[in-house]
Amino acid sequence: MGKGAGKTHATEGGSSDGVENKTAFAYEFGGPAGTAVLMMVLPMVVYFLYLACGPYGVATVSLAAPFVHLPPALLDGSALHDPAQPWFTLEALAVVVGWLLLQALFYAVLPGPMAEGVELDPQTPGARRLRYPMNGLAAFFVSVLGAVLGHALGVIDLSYCYHEFLPLATGAIIVSVALSVYLYLSSLVVVPASTPANAPERALLAAGGDSGSPVYDAFMGRELNPRIALPGGFSFDLKVFCELRPGLIGWILLDLGCAAEQYASHGSITNSMMLVLAFQTYYVFDSFYNEPAILTTMDVTTDGFGFMLAFGDLAWVPFTYSLQARYLVLNPLELSTLTVLAIIATKLIGLYIFRGANSQKNAFRSGSTDPSILALEYITTERGSRLITSGWWGVARHVNYLGDWIMAWAWCLPTLFHTPITYYYVIYFGILLVHRDLRDDHKCATKYGKDWKRYCSIVRWRILPGIY
Ligand code: NDP
């Protein structure tokens with residue numbers, strides 16, 4: 001369990017131990033000032049990547065193009081007032097809201113097993129072991145196949161996602177900001193002390209988002225697992241819903257929209273576009289195929305639900321991760337067979353490490369009796385958890401991040417080397433993974449104490465053996 005789990009409850013007459021610890025609060029991301037800047041800058045980065053990957057950025061094939069052509073076009077306003085491409089439309093906002101409602105409906109009604117999450121609150125054992133519907137794979141197939149079929153039958157035009165990309169991104173940003181405000185305000189609602197510990201209306205606060213600074217807490221997320229009680233006893237988990245569904249599936253629809261537009265304007269779908277589509281669709285499919293794994297991630301067990309996750313899930317992931325597909329619409333690249341094979345090999349190496357490491361840990365932790373899992377060496381911590389010290393987890397403490405990062409290269413390589421912009425993902429994701437490794441290391445050091453030190457002395461490298 002993470003450092004933030006089960007920290008405080010907002011109750012009438014109750015106290016918050018977060019209040020006593022205010023002076024020692026461990027801020028992240030530069031504290032209130034840093035998070036205020038991030039809240040303004042991150043949406044701008046989404047727009048920058050859009051513009052840099054559009055006519056102002058890639059019209060001329062040059063590494064410096066986005067930096068040479070975009071700033072003047074921004075300064076003289078021509079990049080901002082393109083009548084053919086408005087920044088905001090009510091229609092696009094309605095599409096984003098409708099998409100969220102459709103996915104919420106799928107979350108509530110599609111068939112699938114229920115899974116139990118980890119214990120979120122040690123103060124009330126059992127009370128915060130929540131249940132979640134694991135029907136994401138069904139939502140993925142219904143949404144993606146429905147969209148492709150609808151496009152093939154002429155009922156919908158998937159290239160709408162390409163043409164209306166900018167107002168759709170604005171719609172997603174508006175929704176994520178509105179959601180963050182709602183989440184922060186609802187976390188302040190004080191409930192009667194007699195309310196049962198597992199009642200959805202009782203806010204369980206994440207320690208990392210309970211600093212007392214409204215801006216910081218709204219960014220980090222004050223409440224750990226905000227839920228809305230629906231008729232029939234169904235408890236709608238806002239964070240777990242947003243983590244995978246609307247953003248990840250929306251990302252693939254944006255990619256498909258780019259492929260549809262490339263087909264319409266170019267007459268065929270290039271092999272580079274097919275590689276990007278195949279890799280990214282598989283990545284999202286894999287996330288849903290292993291959906292229960294989300295319940296043990298730091299996002300669910302430790303971080304509160306605020307701007308950081310809401311914006312990341314709903315706006316950042318779909319509208320920046322689809323950048324390579326969008327680039328390939330304006331620059332349809334047909335790759336040589338050798339290049340295709342080299343890129344596929346890169347993807348497979350990354351996948352081998354990523355899936356191998358993640359599956360090995362999942363199998364080990366869930367008590368698999370497979371001989372390869374039984375043969376793993378491990379140390380047993382005082383808390384009872386076992387930490388693997390051989391196999392993938394003996395190579396580096398987050399070797400799974402290395403596999404993920406290698407796969408990130410395979411998503412960018414199909415755009416070749418005409419612009420650095422399409423490689424934004426490799427750079428951003430590298431920074432995210434190093435930062436995530438530091439946060440996880442801090443969490444494990446706090447949780448396991450000297451056992452973690454012992455583990456680190458056996459497995460010395462963090463992500464990349466010999467280098468980091
Ligand atoms: P990990 O799957 O790396 O799990 C970390 C946790 O595993 C630790 O907190 C600890 O938890 C446990 N653990 C650590 N070392 C060991 C060990 N040696 N043996 C057994 N258990 C151990 O966490 P993440 O949630 O960060 O990553 C999951 C996957 O998601 C990764 O592959 C990552 O690349 C990917 N990811 C992708 C992102 C994207 O945007 N595409 C964003 C973030 C992650 P405990 O307290 O249980 O001991």
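Along the chain as shown, residues are numbered 1 onward.
Each residue, glycine too, has its Cβ placed from N, Cα and C.
Annotation comment: TrEMBL describes 47-68 (among others) as transmembrane segment.
Under the heading transmembrane segment, TrEMBL lists 88-110 (among others).
Summarising the annotation, TrEMBL assigns transmembrane segment to 130-153 (among others).
Here TrEMBL flags 165-185 (among others) as transmembrane segment. Here the transmembrane segment (165-185) has Cβ contacts under 8 Å with residues 43, 46-47, 50, 85-89, 91-97, 100, 214, 217-219, 221-223, 226, 238, 242, 250, 254, 257, 305-307, 310-311, 313-315, 318-319, 326 of the same chain, all six or more residues outside its ends.
Residues 137, 140, 144, 248-249, 251-252, 255-256, 258-259, 262-263, 321-322, 324-325, 328, 332-335, 340, 343-344, 347, 407, 410-411, 414-416 of the same chain, all 6+ positions outside the transmembrane segment (269-285), place their C-beta atoms under 8 angstroms from a C-beta of that stretch. The transmembrane segment feature in TrEMBL is assigned to 269-285 (among others).
The feature transmembrane segment is assigned by TrEMBL to 305-323 (among others). Remote same-chain residues near the transmembrane segment (305-323) are listed as 35, 39, 42-43, 45-46, 49-50, 53, 100, 165, 168-169, 172-173, 175-177, 179-180, 183-184, 209, 217-226, 238-239, 242-243, 246-248, 250-251, 254-255, 258, 280, 299, 421-422, 424-425, 428 (criterion: CB distance under 8 Å, separation of at least six residues from the stretch ends).
Residues or ranges marked as transmembrane segment in TrEMBL: 335-354 (among others).
The transmembrane segment annotation in TrEMBL covers 408-434 (among others). Residues 49, 52-53, 57-58, 61-63, 65-66, 272-273, 275-276, 279-280, 320-321, 323-324, 327-328, 331, 333, 335, 339, 342-344, 346-347, 350, 398, 401, 463, 468 of the same chain lie 6 or more positions beyond the ends of the transmembrane segment (408-434) yet place their CB under 8 Å from a CB of it.
When Cβ-Cβ distances below 8 Å are used as the criterion, the transmembrane segment (335-354) is approached by residues 270-272, 275, 279, 392, 399-400, 402-410, 413-414, 416 of the same chain, each at least six residues removed from its ends.
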